[in-house]
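**Student:** Sending over a structure as C-alpha cells; questions will come in a sec.
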C-alpha cells in the first residue's frame, strides 16, 4: 500500500545533516504501523512527505502502486486522510455536520449520498447528537472524533495520524484509539500513526523506530516493549506491565520470558495464586 525507498529530506540546504537520511520501509494494505522516536527524529516529516505536504530531496514514495510526483500528488492525496495534533486547524464548517460534509461537497457528490455518508460517519464516532454544534465548543476528544468523521465520510484508503491523541486526557485517548481500530477493521483502512503513546503503539501491527533521521528498527510492539530500559533512549516510556513483570520476576513470583501485556500478566498472577 505504501512503499518508501531511500528517502532523503532536509528543510533547508544550510542544514549540516538530513532530517531524514536514506529511510526505507513499507506499510501493507490494512496494516496499522506506528512510527515512534524522539522529537526531531523525523516522524512528522515522514507523515507530511507521504501526504504530499513536503517534497523529498531524493528517494521514492509509492502509494497504492503510484509514485508520488507533481503530476500525481492530487490523486494520492485523495487516497489519504490526515488528522493532526490540533484539529481546530482543520475545521472549516460552522457546525459539526457542515464540517464533515465539506470535503464531500468539494468532490461534488450527489446530495442524498452526501447526507448518508455524513450521518454514517457521525454515528460511527458517536457524534450524531452534536451535529448542530459549533466545532469550537467541543472538547478536545470530541473535536478529534469530528476530524476522524470527516475522513470516514471521504472514504480514503489510508489514515495518517500525526500525534492525534497527544492533547487528550487518558480516557479520551483510549476512546479515540479504539475508534481508530474499529475504523480500520470496518473500512479496511491502512493506518499510519506518529505517536509517543504506548497504548496507541500496542494496538499497531508493527512499530518503526526513527533515530536521528534513520530507521533504527522495525518490529512488533511486543518485540519493542521487550527492550526494557532501551525504550527511554528511543523517546518512549517503559510500559507499566513491563516494569511490574520485571519486579515480579526478580522476586521469583512469576517465570516468563520477554514482555507481557497487562492481560497476560494478570493470567500469570492468577496461575501463581492458584498454586498457593
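Cβ from N, Cα, C; glycine included.
From Swiss-Prot, here are the annotated features:
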- 2-237: domain 'ABC transporter' (DOMAIN)
- 37, 38, 39, 40, 41, 42, 43, 44: ATP binding site (BINDING)
- 163: active site, proton acceptor (ACT_SITE)
**Student:** May I ask for the distance between residue 37 (ATP binding site) and the residue listed as 'active site, proton acceptor', taken between their Cα atoms and rounded to an integer number of Å?
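**Tutor:** Residue 37 (ATP binding site) to the residue listed as 'active site, proton acceptor', Cα-Cα distance: 12 Å.
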**Student:** What whole-number Å value do you get for the CA-CA distance of residue 38 (ATP binding site) and the residue listed as 'active site, proton acceptor'?
**Tutor:** 13
**Student:** Of all the binding-site residues given, 39, 41, 44, which has the fewest Cβ neighbours within 10 Å once its own Cβ is left out?
**Tutor:** 39
**Student:** Could you tell me the mean pLDDT the prediction assigns to the domain 'ABC transporter' (2-237)?
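**Tutor:** Averaging the confidence scores along the domain 'ABC transporter' (2-237) gives 91.
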**Student:** Pop the Cα-Cα gap between the residue listed as 'active site, proton acceptor' and residue 39 (ATP binding site) into the table, whole Å please.
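**Tutor:** The Cα atom of residue 39 (ATP binding site) is 11 Å away from the Cα atom of the residue listed as 'active site, proton acceptor'.
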**Student:** Cβ neighbours within 10 Å, counted over all protein chains: which one of the binding-site residues 40, 42 has the most?
**Tutor:** 42
**Student:** Taking the Cα atoms as reference points, how far is residue 44 (ATP binding site) from the residue listed as 'active site, proton acceptor' in Å?
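**Tutor:** Cα of residue 44 (ATP binding site) to Cα of the residue listed as 'active site, proton acceptor' measures 8 Å after rounding.
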**Student:** Would you list, in sequence order, the residues of this chain other than 37, 38, 39, 40, 41, 42, 43, 44 that have their CB within 8 A of the centroid of the site's CB atoms, where the site is the one recorded for ATP?
**Tutor:** 45, 210, 235
**Student:** Work out how many Å separate residue 40 (ATP binding site) and residue 163 (active site, proton acceptor) at their Cα atoms, rounded off.
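**Tutor:** Here the two Cα atoms lie 13 Å apart.
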